[in-house]
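Visitor: Marked as transmembrane segment by TrEMBL: 26-46, 67-88, 94-113, 125-144, 164-186, 193-212, 232-251, 263-286, 292-312.
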Amino acid sequence: MTDKLPLRADTMRAFRADGGSYTDNLIGTLLAIFGNLLVSISLCIQKYSHVTLAGTKDTRAFYRTKTWWCGFVLTCLGEGANFVSYAFAPLALIAPLNAVSMLTSSILGLIFLREKSRLKDFARRYGLSFLGCILTIGGTYLSVAFGPNSHEKLKAENIVRHLVGWPVLLYMLLEIITFCLLLYFYKQRRSNYLVIILLLVALLGSVTVITVKAVSGMLVLTVEGTMQLDYPIFSVLFVCMVASVVFQARFLSQACHLYDSSLIASVNYILSTFFAVVAGAVFYLEFNNEDVLHICMFLLGVAFCFLGVFLITKTRKKTKTFEPYVTMDMTNGVPTIHDKGLVDFNGSFSYGALVNNDGVAPATLPVNQEQPPVISRSTDGVSDLKKD
């Protein structure tokens, strides 16, 4: 009887640990879904504010309207919920849930902003979008139901132990080499391909999610009473997190100037989710205790999310592709042909198929004030011609 008591105690501790892990995963999943919903709603509110302001004679700036600030507050709340969710659930479980944001944006675009509202053409023109929504919902369910259930308290000692492990060091070395090669082709060889730009974003995103999970976990532990902010690793990870986010935004901004936003959204989601899942598996060892069936079902759910997001963004309105155009330098009078989309509009008058020049003020052409002399024909000349 006494020999069975330690075994029962160990079993109860393991059950509580598993129960706590499931509870943490549920909290993190609900926070991520709630945060993505708030972000989608906030973006629709801000877009509605821009559209309404542009359709009226109101001369106020967009940031002086109440609807825009309402959307901004909801964006902050949604991103805050996403940030906290990383402290409770694994990276591989949180990353695919970004599809909820695209799914919600598609539905709100139909209802709230009255986009794609012609129901008679829905089956013919938007059937793929409807199929994409179904696949996204099914993929989200599979990724949550069969996602990894590993969870550990992200103390400073645990994070340092992960950092010095050889799998993480090898992964970071390969990532740095790949990033440098892509950056070389992008900057030196002028390879402005979408895949290259978004691969740079995804590689930075893997660093972002690793640091976000660590910083968020240490902040949660600090709030619970275990101080983690005085460790040097917290400051290092916080700086890496901010720097990776800033450079991600810079590369995404450059991609938006060259390619369609819907294409960027789908490709960026696929690449960022893939690298986030790999980062979670390598850095935090999230799939070590999972069986093959759960891993295969999770990967199937992620693949459904990829296909669903691609179909949702495929049926959106495409912007006009870039066309070459000519700019005339007003100071030197030298015409320049642009065919890559990388143009400096400062001090030039442009004409032709202009793209991405919303912020450029139209240049005024110089007007010659002097009137040319008028040559009058005398009647004598006409009479002389008649005589001839």
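We number each residue from 1, going along the chain as drawn.
Including glycine, each Cβ sits where the backbone N, Cα and C put it.
Note: TrEMBL annotation is automatic and uncurated.
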Visitor: With pairs 6 or more apart in sequence, are the transmembrane segment (263-286) and the transmembrane segment (292-312) linked by at least 3 Cβ pairs under 8 Å?
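Guide: With 3 or more qualifying Cβ pairs, these stretches touch.
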Visitor: State the non-local partners of the transmembrane segment (94-113) in its own chain: residues 6+ outside its ends, Cβ under 8 Å from one of its Cβ atoms.
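Guide: Tertiary neighbours of the transmembrane segment (94-113) are 28-29, 32-33, 36-37, 39-41, 43-44, 47-48, 51, 82, 85-86, 129, 132-133, 136-137, 139-140, 143-144, 209, 265, 269, 272-273, 276-277, 280, 301-302, 305, 308-309, 312-313.
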Visitor: Give me the stretch from 67-88, 125-144, 164-186, 292-312 with the greatest number of Cβ pairs under 8 Å to the transmembrane segment (26-46).
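Guide: By the under-8 Å Cβ criterion, the transmembrane segment (26-46) pairs most with 67-88.
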Visitor: Spell out yes or no: are there three or more C-beta pairs under 8 angstroms between the transmembrane segment (292-312) and the transmembrane segment (125-144), with each pair 6 or more apart in sequence?
Guide: yes
Visitor: Apart from its near flanks, which chain residues at least 6 from the ends of the transmembrane segment (67-88) lie with a Cβ under 8 angstroms of it?
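Guide: Distant Cβ neighbours of the transmembrane segment (67-88) are 24-25, 27-29, 31-32, 34-39, 41-46, 48-50, 52, 94, 151, 154, 209, 212-213, 216-217, 219-220.
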